[in-house]
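J.: Handing you this structure, nothing more for now.
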Amino acid sequence: MTSSSLRKRKKRLRILKNKRVLLGITGGIAAYKSIDLARRLGDEGASVVVAMTEAAKQFVTPLSLEVASQNKVYTSLFDEPMAHISLPSSADVMVIAPATADIIAKFAHGIADDLLSTCFLSYSGKVVIAPSMNWRMYENRIFGENLRKLLSTGVVQVGPERGDLACGEEGIGRMAEPAEIVETVMSALTEKDLAGEKMVITAGPTREYLDPVRFISNRSSGKMGYALARAARDRGASVILISGPSYLKKPQGVGFVGVETSAQMMKSVKQSVQGDTTVLVMAAAVADFSPAVTSRTKIEKTGDLNIPFRQTEDIISSVLGAGKRPYIIGFAAETGNNIARAQKKMKVKNMDMVVFNDVTEAGAGFDVDTNKVVIIDRKGKTRLEVMSKDSVADAIFDRFIEIKA
Ligand code: PMT
């Protein structure tokens, strides 16, 4: 791996460092979450300047936002002459959270009658909106048209989520959580160097059923595969994530298929890998063995149990047989520093790249946030230190881009 790709990866993970975020806050109950959002953006190294609407001040005070952002808060067109030009022109990204139906309608129609709407009209950079409102408003046809119009100009949407709403009803309309908004802002600012790639990524464990209530599985959490899906999405690829059972939150903006068994994962991979799929990443810990017979009823306790297992069909090999093949990135989960075994897997399964991880090492493998890998491809090996699974995902795609170049 070249030092320039290492630099690029680190840069992506610190993408908000020294960036200027113009945070617009409008009048919705979720405005209280924007205090946390301002703080989190600041934690990522961004300098946050807040522009609040009059209605926002009914929900949260400018002073709270001044403390959270450690910057002057703007609330009126007349706070400072030309603020509607100077604030956007120095911003790297504009984030509107919460974004009410009113501000979305104004943005979509070019209405500029207060500081925030005027800032938006004079801004030509990336804009992220986090809508928040009652579900009846969110599902209103006219609102839907406004939203679609706004998104068609390149504005990026995050949320809303379904759940309990402030009005006591349940439905879609809860503002996305601040952590997710930060993630979306980082994604919006990331260089789209995987644009045009169509990826199928697998994650998590599979479950192989002995009977309706018992299964064998493994310790995979899905963290590695989900990190790959997020990184590929952020870098512009279109992604289908096929996941075994996982407690992780589905990443936004990727196609998602949930499966349980290795047979279901096989079926789903075969259906998802089409002629135009460019990359298959197999990060899932697919069971190698499955009970030869699954009992229809709960197996009774009558003494020791001997169950014959059959080897499962290999998913990677099955995709290889399907005509035009995508670039195949597999993983090798080894118990010990057995790189030769990973290389053998790569050869036997005809993979283009294999990511070796010794799952017995501290900070590597199953259910931890970090991994320690060796990326092996047809040209050589890249040994990486322990790093977050997000960084490992970026390193894998950096190497893929290097090889393709
Ligand atoms: O999910 P986490 O908690 O974050 O943990 C991450 C991880 C340890 C699961 C991940 O880093 C990892 O190593 N995934 C691959 C685990 C595995 O099944 O390795 P393997 O060496 O047994 O298999 C080699 C490759 O063949 C893998 O890409 C696997 O997906 C694939 N395979 C395996 C069995 C099968 N029937 N079909 C397959 O295609």
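Backbone N, Cα and C atoms are what each Cβ position is placed from, and that goes for glycine too.
Checked TrEMBL, it gives:
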ACT_SITE  Cys167  active site, proton donor
BINDING   Asp288, Lys298, Phe331, Lys345, Lys349  CTP binding site
DOMAIN    19-188  domain 'Flavoprotein'
REGION    1-198  region 'Phosphopantothenoylcysteine decarboxylase'
REGION    199-405  region 'Phosphopantothenate--cysteine ligase'
J.: Measure from the CA atom of the residue listed as 'active site, proton donor' to the CA atom of Phe331 (CTP binding site) and give the result in Å, rounded to a whole number.
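T.: Roughly 48 Å, rounded to the nearest whole number.
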J.: How many Å lie between the Cα of the residue listed as 'active site, proton donor' and the Cα of Lys298 (CTP binding site)?
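T.: Cα of the residue listed as 'active site, proton donor' to Cα of Lys298 (CTP binding site) measures 46 Å after rounding.
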J.: Write out the long-range same-chain contacts of Lys345 (CTP binding site), meaning residues 6 or more apart in sequence whose Cβ is under 8 Å from its Cβ.
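T.: The answer is Gly330, Ala332, Met351, Val354.
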J.: Within 10 angstroms of the C-beta of Asp288 (CTP binding site), what count of other C-beta atoms is obtained when all protein chains are considered?
T.: 13
J.: So if I measure Cβ to Cβ from Lys349 (CTP binding site) and keep only same-chain residues at least 6 apart in sequence, which ones fall under 8 Å?
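T.: The list for Lys349 (CTP binding site) reads Asp314, Ile316, Ser317, Leu320, Ile328, Gly330, given in order along the sequence.
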J.: Among Cys167, Lys298, Phe331, which recorded positions lie by ligand 1, judged by Cβ under 6 Å to any atom?
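T.: If the test is a Cβ under 6 Å from any atom of ligand 1, the answer is Phe331.
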J.: What is the pLDDT of the region 'Phosphopantothenoylcysteine decarboxylase' (1-198) when averaged and given as a whole number?
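T.: Mean pLDDT, the region 'Phosphopantothenoylcysteine decarboxylase' (1-198): 93.
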